[in-house]
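If you check Swiss-Prot, you get these features:
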- CYS60-CYS291: disulfide bond (DISULFID)
- CYS73-CYS85: disulfide bond (DISULFID)
- CYS108-CYS151: disulfide bond (DISULFID)
- CYS295-CYS319: disulfide bond (DISULFID)
- CYS487-CYS491: disulfide bond (DISULFID)
- ASN29: N-linked glycosylation site (CARBOHYD)
- ASN54: N-linked glycosylation site (CARBOHYD)
- ASN182: N-linked glycosylation site (CARBOHYD)
- ASN183: N-linked glycosylation site (CARBOHYD)
- ASN305: N-linked glycosylation site (CARBOHYD)
- ASN488: N-linked glycosylation site (CARBOHYD)
- ASN497: N-linked glycosylation site (CARBOHYD)
- CYS555: S-palmitoyl cysteine (LIPID)
- CYS565: S-palmitoyl cysteine (LIPID)
- 1-18: signal peptide (SIGNAL)
- 19-532: topological domain 'Extracellular' (TOPO_DOM)
- 554-566: topological domain 'Cytoplasmic' (TOPO_DOM)
Amino acid sequence: MDIRPIIISLLISTCVQADRICVGYLSTNSTEKVDTLLENDVPVTSSIDLVETNHTGTYCSLDGISPVHLGDCSFEGWIVGNPACTSNFGIREWSYLIEDPSAPHGLCYPGELDNNGELRHLFSGIRSFSRTELIAPTSWGEVNDGATSACRDNTGTNSFYRNLVWFVKKGNSYPVISRTYNNTTGRDVLVMWGLHHPVSTDETKSLYVNSDPYTLVSTSSWSKKYKLETGVRPGYNGQRSWMKIYWVLMHPGESITFESNGGLLAPRYGYIIEEYGKGRIFQSPIRIARCNTRCQTSVGGINTNKTFQNIERNALGNCPKYIKSGQLKLATGLRNVPAISNRGLFGAIAGFIEGGWPGLINGWYGFQHQNEQGVGIAADKESTQKAIDQITTKINNIIDKMNGNYDSIRGEFSQVEQRINMLADRIDDAVTDVWSYNAKLLVLLENDKTLDMHDANVRNLHEQVRRTLKANAIDEGNGCFELLHKCNDSCMDTIRNGTYNHAEYAEESKLKRQEIEGIKLKSEDNVYKALSIYSCIASSVVLVGLILAFIMWACSSGNCRFNVCI
């Protein structure tokens, strides 16, 4: 009787009836992929893109403080007091300034604002100021206020810069005039003055009487004497002469003295700096909207918690670091190995080697079990939470590592300072390249660590179960354990939560192990006997065949003869 089918049936019956618990991890239908240092497009259950690419497309209030749009006035026209910009004179506070690159009202009289780029940079760090009169025009003595058709007010009347006074002769006299401004405000004060350079000596005499006038400006730390430079220059607004406007930031307690006998554009109004802070002067045609943002660029506001952005380098506020990469994905889940549908007797249950499970809820790692009550699955929340905490720490570490003190200054310089602009561009490009490379390398490294961490977590959970069960189960090597005793759902819970009582099931497990080992030994013995019988029969058949073949050969060659006697 062949006993092999009976042995196989017994083994199958043992496997089917055995209770089992498996350690595994989550698998999803996610299509997310990340890059690591060693691999590209690694499937993961979840990831986040660290680079923000969306913006509002508008100017917004920054942290609740509104910006100020200078309207038809340029920065220079506003700061010196172009009479066409009187609507801006009441400006006191802003989060940032917006300047139309093609604003028609700049310096109405031909000339320039000295160190314009530096003054713009200064105002990028000012959040509020107040306009105040420094020296009354009537206190200078026997001179008249000048006006020009180049600087008309809103009514079309000849006027001049509202923050300066252009003194010309009174009658046929222009005496030496002198005044001192003392800064007693307790704050920094912006003081402006200027010089008018006539077309010719004749024009100089007609305006100031003196043919070679001078202007002397002195403080406690420096003094400079200016002479008028006559000559015809390219002009506009009907003027061919030229004005140069200067400025200085006076600290509390400092004083400045002006002395002149012709050509002085004297200070009248200045600005008391009320509050310093980070600001910017943006130049773009986008509109102001009723919105709030944490980060503003010249193309729109950025409201995000992401670590990086690739919208614009010249950003203001609580902004993500600018990098050139359009996408940097950080793995926040596990390596996504699809579940294997055909897993023999245990169906969907499998270990960390074969693949993940699609049924885990509220967890990345967990257990599946099979017993008389059915099949169940449960997440291990503690190990999952630890992994989530580690990933949160990774994200925070990336933010901390990428925080720097570098700020772009590219947007603060006018066309005059082209060499500074070129240098600023090169510095910005170099720094951005470094930031972009560091960011990508950091994310690739963290992705490697994250995926390795998840593999280690599953193996640690597997080892924890193995130590808990000890000799009460057989480790199948694929993440599953065949229990050598009956284990209901309550028993399975104790294995999962670490309260399993090994001694309680030790005797039953010992007997079960002996039974299994006995069946295996008997099976092996029967197999050996069967093999011996088959070997003997096969050898006999071969021997008989050889003898018959020899006899037939001998007879056919005449060497063998049979005599039959009756």
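Including glycine, each Cβ sits where the backbone N, Cα and C put it.
Sequence features, as recorded in Swiss-Prot, placed on the structure.
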{"residue": "ASN29", "record": "N-linked glycosylation site", "Cβ contacts under 8 Å, 6 or more apart": "PRO358"}
{"residue": "CYS60", "record": "disulfide bond", "Cβ contacts under 8 Å, 6 or more apart": "PRO67, ILE288, ALA289, CYS291, ASN292, THR293, GLN296, GLY300, GLY301"}
{"residue": "CYS85", "record": "disulfide bond", "Cβ contacts under 8 Å, 6 or more apart": "LEU70, GLY71, ASP72, CYS73, GLY77, TRP78, HIS105"}
{"residue": "CYS108", "record": "disulfide bond", "Cβ contacts under 8 Å, 6 or more apart": "GLY77, ASN82, PRO83, ALA84, THR148, ALA150, CYS151, ARG152, TYR161, ASN237"}
{"residue": "ASN183", "record": "N-linked glycosylation site", "Cβ contacts under 8 Å, 6 or more apart": "VAL189, MET250, HIS251, PRO252, GLY253, GLU254, SER255"}
{"residue": "CYS319", "record": "disulfide bond", "Cβ contacts under 8 Å, 6 or more apart": "ARG294, CYS295, ILE302, GLN309"}
{"residue": "CYS487", "record": "disulfide bond", "Cβ contacts under 8 Å, 6 or more apart": "ASP19, ILE21, HIS369, ASN371, ILE495, TYR505"}
{"residue": "CYS491", "record": "disulfide bond", "Cβ contacts under 8 Å, 6 or more apart": "ASN371, TYR500, TYR505"}
Long-range Cβ environment of ASN488 (N-linked glycosylation site), under 8 Å and at least 6 residues apart: ASN371, GLU372, GLN373
ASN305 (N-linked glycosylation site) - helix vs strand vs coil (DSSP): coil
Fewest-neighbour residue among disulfide-bonded residues, criterion Cβ within 10 Å, set CYS73, CYS151, CYS291, CYS295: CYS291
Distance, ASN54 (N-linked glycosylation site) to ASN497 (N-linked glycosylation site) (CA atoms, angstrom): 45
For the topological domain 'Extracellular' (19-532), mean pLDDT (0 to 100): 85
Three-state secondary structure, which DSSP defines for ASN182 (N-linked glycosylation site): strand
Spatial neighbours of ASN54 (N-linked glycosylation site) that are distant in sequence (at least 6 apart) but have CB under 8 A: ILE302, THR304
